[in-house]
Amino acid sequence: MRADSSTICVCRRGRWELGIAIGFLVPPVLVPNIEDQDKLAYHISIMFYIIGGVATLLFILVAILFKEKPKHPPSRAQSLSYALASPDASYLSSIVRLFKNLNFVLLVITYGLNTGAFYALSTLLNRMVILHYPGEEVNAGRIGLTIVISGMLGAVISGIWLDRSKAYKETTLVVYIMTLVGMVVYTLTLNLGHLWVVFITAGTLGFFMTGYLPLGFEFAVELTYPESEGMSSGLLNVSAQVFGIIFTVSQGQIIDNYGTMPGNIFLCVFLTLGAALTAFIKADLRRQKANKETPENKLQEEEEEESNTSKAPTTVSEENL
């Protein structure tokens, strides 16, 4: 029994999010907040050596163990995609076709807005927490860990829901709106002076914001089938990185000059825009249509077409007579 593509995507994103969770938790432990610059440099160098060792090990494992594609396609749609793939197809022509797809273009923008807001929030989380709760560097890392772990749970739940309902647009839109609501609540509760409240609101925000990431990839594959999944996913990542850089720099400047609340309101405005644009995306689920096509259905359609074609001349001749 083969796993559904939604579940596969969730597993991939879950491993990625687990890495981010470790990134939130480990650095504050390895690099304490100390005044001695020499000791600080020593702790930072130890952290970089560990990161370099782990990255090298992963590179070796990827080079040895990873295969280009599975022996058997995971679904009928993927099998058809392999059959339809042209060896002469170029990346440029594929990108042109993707950007002619209005639904995909809207998704690229909305995904970039959501994920860019997540990148900005993750990067500036330590600064925001320290401004309101001085000396809580370790807890700032734990809050980031809470965001990602709850997001992994959200991704699993949304993946299971997609497998059963196939309601891609509806699920994406609801999760997007709940991300906006979570961001608003987090913004309003950050400065209340209760760190446990921040843990709860940040975890709720992460459940939807991080849980949205695999939904965007799955929805993109549905909208762009039979184009390469790597191409659509790559464009989503580019959009996320561009918006992430813009949002991180902009929100950082706003926090420095005006405080954390205006900086978070800045993200809320763009999440509102993203939710509105998501509502305009049409659920053109091309991959689902391909999965529903069976050889029996195709044969029946061909027979009906042949039957209609053979009847057409007879009808004309009768009319002429």
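Each residue, glycine too, has its Cβ placed from N, Cα and C.
Just so you know, TrEMBL annotations never went through curation; they're auto-generated.
What TrEMBL records for this protein:
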COMPBIAS  291-300  compositional bias 'Basic and acidic residues'
COMPBIAS  309-321  compositional bias 'Polar residues'
DOMAIN    1-286  domain 'Major facilitator superfamily (MFS) profile'
TRANSMEM  16-34  transmembrane segment
TRANSMEM  40-66  transmembrane segment
TRANSMEM  102-121  transmembrane segment
TRANSMEM  141-161  transmembrane segment
TRANSMEM  173-189  transmembrane segment
TRANSMEM  195-215  transmembrane segment
TRANSMEM  235-255  transmembrane segment
TRANSMEM  261-281  transmembrane segment
State the non-local partners of the transmembrane segment (261-281) in its own chain: residues 6+ outside its ends, Cβ under 8 Å from one of its Cβ atoms.
103, 106-107, 109-110, 113-114, 116-117, 120-121, 124, 128, 169, 172-173, 176-177, 179-180, 183-184, 186-187, 190-191, 219, 223, 247, 250-252, 254-255
Against which stretches of its own chain does the transmembrane segment (40-66) lie, if we need a Cβ under 8 Å and a gap of at least six residues from its ends?
26-27, 30-32, 34
